[in-house]
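These come from Swiss-Prot:
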BINDING   His59, His61, Lys151, Asp313  divalent metal cation 1 binding site
BINDING   Lys151, His182, His239  divalent metal cation 2 binding site
BINDING   Tyr156, Ser286, Asn335  substrate binding site
MOD_RES   Lys151  N6-carboxylysine
Amino acid sequence: MRVLIKNGTVVNADGQAKQDLLIESGIVRQLGNNISPQLPYEEIDATGCYVFPGGVDVHTHFNIDVGIARSCDDFFTGTRAAACGGTTTIIDHMGFGPNGCRLRHQLEVYRGYAAHKAVIDYSFHGVIQHINHAILDEIPMMVEEGLSSFKLYLTYQYKLNDDEVLQALRRLHESGALTTVHPENDAAIASKRAEFIAAGLTAPRYHALSRPLECEAEAIARMINLAQIAGNAPLYIVHLSNGLGLDYLRLARANHQPVWVETCPQYLLLDERSYDTEDGMKFILSPPLRNIREQDKLWCGISDGAIDVVATDHCTFSMAQRLQISKGDFSRCPNGLPGVENRMQLLFSSGVMTGRITPERFVELTSAMPARLFGLWPQKGLLAPGSDGDVVIIDPRQSQQIQHRHLHDNADYSPWEGFTCQGAIVRTLSRGETIFCDGTFTGKAGRGRFLRRKPFVPPVL
């Protein structure tokens, strides 16, 4: 199968050019002008459009069981939504397994979840929910099998203490893996939450007040220092929501420490006022939404390069689930927002089309740096001969209003309802196959492939 994309502006992280792009047997074969492929081939006219590498979302939670509920997107509906939003690769954060389980247990479970459902290519982050000799011995074997990143939690049921974190950081570093972390100070949060509950203050706004930005920033600073103690172990901070944490990361970078950070569209475009609306419960997530001042600080990090990745933390619970389980109490509400379908369009509209970032920086944030950090480069995140033919075509001339009824996830609402975006995703190709075109999903369940990722190699800071 050959596909020729003509007359578009092809953009990579290091530059752009108006040229044609030829994909053959799922692989990019040629870029240039006046390409004349062997017949037969499909021709796609991208006049006036940007031709970007397909998005790489390195933070999703599909089919996750959080104890009180299971998310309503599985690996079909979740990856279908991703495809319709221009994302062609996801790396899913696996949920916790049974108490005391081995690392391999969750990998086998999640490969079963995805095998016959995923529309796009996928991988997983390991999750370390306890530390013992067996777990530490298992890490190098998992890296050899293609899992080169693992997540630690400083909050929730399976939070690790500082000694366990140090052991994990050392072994992951030795094994060629990148440590990712959910950083929040669990003890401080528990104290604040207990105060509010005792006072009968359980409305959605108290979710944010119980998890102040200092709880997140303190945990970020602690992880930075622990990573240094562990032999300058590489560290990746997930879902950054505030400027103080970013200041700590800037300081670590200035000291040449190998740290990277992601943020998410919700922290760039939504704010804490959402908790005071009639539907405030739909915005319960952790870390919570912050104020507009924190948004501005994050946008500075997006613009000046301090933030490396924009992912989604897509973790969808329906409003029916939220209301039935929480009964109006924020502390009982399952956490998470949908967003995997909207990430690329939201960042293009609010970043590229406003002049905050260049098209090249858009690629760096949404595909190139995620692929480099997580062992997928140059197969993913790049349009060059030999790379996978993963493409998203965006038309900057089109304006669209986000409406849930047009989305493809399994939620019953969108936090972005009514947002007007300048720029529309008109086509998504995965390994040369069109899986979304002009508003219509054309992919199929089970076509996605499991990606064995390479050991971690730090990009140049």
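Cβ coordinates come from backbone N, Cα and C, glycine included.
Distribution of Swiss-Prot features across the structure.
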| residue | record | Cβ neighbours (10 Å) |
| --- | --- | --- |
| His59 | divalent metal cation 1 binding site | 26 |
| His61 | divalent metal cation 1 binding site | 21 |
| Lys151 | divalent metal cation 1 binding site | 21 |
| Tyr156 | substrate binding site | 16 |
| His182 | divalent metal cation 2 binding site | 21 |
| His239 | divalent metal cation 2 binding site | 20 |
| Ser286 | substrate binding site | 21 |
| Asp313 | divalent metal cation 1 binding site | 26 |
| Asn335 | substrate binding site | 20 |
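If you take the Cα of His59 (divalent metal cation 1 binding site) and the Cα of His182 (divalent metal cation 2 binding site), they are about 11 angstrom apart, rounded to a whole number. For the divalent metal cation 1 site, the Cβ centre of His59, His61, Lys151, Asp313 serves as reference, and the other residues of the chain with Cβ at most 8 Å from it are Thr60, Asp92, His93, His125, His182, Val238, His239, Ala311, His314, Cys315.
Cα separation, Ser286 (substrate binding site) to His239 (divalent metal cation 2 binding site), rounded: 9 Å.
Neighbouring residues of the recorded divalent metal cation 2 site, listed in sequence order and excluding Lys151, His182, His239, comprise His59, His93, Tyr153, Thr180, Val181, Pro183, Ile237, Val238, Asp313 (Cβ within 8 Å of the Cβ centroid). Recorded residues His182 (divalent metal cation 2 binding site) and Lys151 (divalent metal cation 1 binding site) have their alpha carbons 8 Å apart, per Cα-Cα distance. Summary of the substrate site environment: with the site residues Tyr156, Ser286, Asn335 set aside, the chain residues having Cβ atoms within 8 Å of the Cβ mean position are Val66, Thr155, His182, Glu184, Leu285, Gly336.
It is 11 Å from the Cα atom of Asn335 (substrate binding site) to that of Asp313 (divalent metal cation 1 binding site).
Neighbours of His239 (divalent metal cation 2 binding site) among the binding-site residues His61, Lys151, Tyr156, Asp313, defined as a Cα within 10 Å of its Cα, are Asp313.
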